[in-house]
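Peer 1: According to TrEMBL, the transmembrane segment annotation covers 41-60, 72-92, 135-158, 170-191, 203-222, 234-255, 296-319.
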Amino acid sequence: MRLLERMRKEWFMIGIVLAIAGAKLEPSIGVNGGPLMPEITVSYIAVATIFFNSGLSLNTEELTSALVHIKLHLFIQIFTLAFFPAAIWLLLQLLSITPINEWLLKGLQTVGCMPPPVSSAVILTKAVGGNEAAAIFNSAFGSFLGIVVTPLLLLLFLHSSSSVPFTSIFSQLFMTVVVPLIIGQIVRRYIKDWLERKKPPFGAVSSSVLLVIIYTTFCDTFSNPDIDLDRFSLVLILFIICSIQLSFMLLTFIFSTRNNSGFTPADTVAVMFCSTHKSLTLGIPMLKIVFAGHEYLSLISVPLLIYHPVQILLGSVLVPTIKSWMVSRQKGVKLTRPTV
């Protein structure tokens, strides 16, 4: 199962490259008003498909066992949806005086506003042997919370409230995100046994639809001759994203391993991954809705497209180290327990 998941992620990375290359070669196909009609097929059908698929695949029955650990959930959600975007905003005040492309910097802020992913944090927590139930709960709950909180954070930190109509954004979010998600959960109740027996490829479906969204987003970019992206900015953004990932993982590690934190080593693993990972599957459709028709939407999306593979790559590389630390810490706890 892990091998298949790894192969799917590798093909998805290749798919992103091919989608961007395809948009560069022939952008007229995926622009608004083009043959694909993305203003309908992507803005409504594709986004709704992703969230209906999420509703079908989300096993809410597994979350009940993790509900009691309120302190852990609060820490992860506050870090993800409050501290993270605020810290990025402060960092951008310094980076704004640099020659880095301003739309890529705005894209960094959108990364900070995103909810946690449903899959990658759970997969890495499980690979280490951490608190999988807590990872599942916080990924799922954070995704639900992000439906409301993320658009508000985007409008707050990017100062878009004067030009973006709240009513149209939230009505579209409701129809394309909330409603399909609820319908997916309702349908799941009736076909739960069939889903568990057949195990449909939910990840592959969402990834395929997401590639279509990425393709049409970059079609808009390459069809606009006024947009110019320099390599210097891209390299710096990649370096900044890697630094943010490592710094925040270290920060969550320090906070969650304090003597008075009340967290076990297994909890710390879930905290490190769930607090620092951001959702591409939920993020790109939300950006498409909140910044609909924005000429620099694709540039704003670039940091999130970079952050996604970086978080998986860094997480995978760190799995053996974190696992070794967790095992040694758990052995130490057992040895220090008084015998009865």
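Even glycines carry a Cβ here, placed using N, Cα and C.
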Peer 1: When you check the transmembrane segment (234-255) against the transmembrane segment (296-319), do you get at least 3 Cβ pairs under 8 Å, counting only pairs 6 or more apart in sequence?
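Peer 2: Contact between the transmembrane segment (296-319) and the transmembrane segment (234-255): present, because at least 3 Cβ pairs are under 8 Å.
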Peer 1: Among 72-92, 135-158, 296-319, point out the range having the most Cβ pairs under 8 angstroms from the transmembrane segment (203-222).
Peer 2: 296-319
Peer 1: Residues sitting near the transmembrane segment (170-191): Cβ under 8 Å, six or more positions beyond its termini, same chain?
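Peer 2: Answer is 43-44, 47-49, 51-58, 60, 144, 147, 151, 285-286, 289.
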Peer 1: Restricting to the same chain and to residues at least six past its boundaries, which positions have a Cβ under 8 Å from a Cβ of the transmembrane segment (296-319)?
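Peer 2: Hits for the transmembrane segment (296-319): 9, 13, 16, 101, 103-104, 106-108, 110-111, 114, 120, 124, 127-128, 214, 217-218, 220-221, 227, 229, 234, 237-238, 241-242, 245-246, 249, 273, 276-278, 280, 283-284, 287-288.
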Peer 1: So if I exclude everything within five residues of the ends of the transmembrane segment (72-92), which remaining residues of that chain have a CB under 8 angstroms from its CBs? That is, six or more out.
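Peer 2: Same-chain contacts beyond the ends: 66, 105, 108-109, 111-113, 115-116, 131, 134, 137-138, 141-142, 145-146, 149-150, 153, 157, 244, 248, 252, 255-256, 263, 267, 270-271, 274-276.
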